[in-house]
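First comes the structure, then the notes that go with it.
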Amino acid sequence: MNVANFYPWLKALHVASALVFLSGVVSVGVFLHMVKTDSPEIRTLAASIRRWDHVITTPAMLLVWALGLGIGGAGHWFNAPWLTVKLVFVVVLSALHGMQSGKLRRLCHGAPITPLHASLPIAVTCAVVIAILAVVKPF
């Protein structure tokens, strides 16, 4: 059996992991956008969201990266311009997740709340561009 036999399953796992990762990024983005004041309740909720981020969202992101790199390598697509552009948006989405994780950590420890206003538009834009590039492969 070769990699081609597993390709549909690898791609399906990649997409499923990406959906879980993106839903985590969007959820944290909504939470961080809504938080205006600090309180013990907010810190408790932030701690719960942070645990979810560590247990679900971050592993999903790592799985997206591992499967994506594996599929790209197996398909010899790393010289394709569409994949290079897609990777830029994936890096931006991963960096956004890192920024959100840092904000959650600081919020849990009672740091002043500083909004991350562009979080949601960036996440949605990246997701749309990534999906279009992956499906259409325009160049």
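Note: Cβ is positioned from N, Cα and C throughout, glycine not excepted.
As given in TrEMBL:
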- 12-35: transmembrane segment (TRANSMEM)
- 55-74: transmembrane segment (TRANSMEM)
- 80-97: transmembrane segment (TRANSMEM)
- 118-136: transmembrane segment (TRANSMEM)
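Using a Cβ-Cβ cut-off under 8 Å and counting only residues 6 or more beyond its ends in the same chain, the transmembrane segment (55-74) has close neighbours at 3, 7, 10-11, 13-14, 17-18, 20-21, 24-25, 28, 83, 90, 94, 97, 101.
Non-local neighbours of the transmembrane segment (80-97) in the same chain are 21-22, 24-25, 28, 57-58, 61, 64-65, 68, 72, 119, 122-123, 126-127, 129-130, 133-134, 136-139; each lies 6+ residues outside the stretch with a CB under 8 Å from one of its CB atoms.
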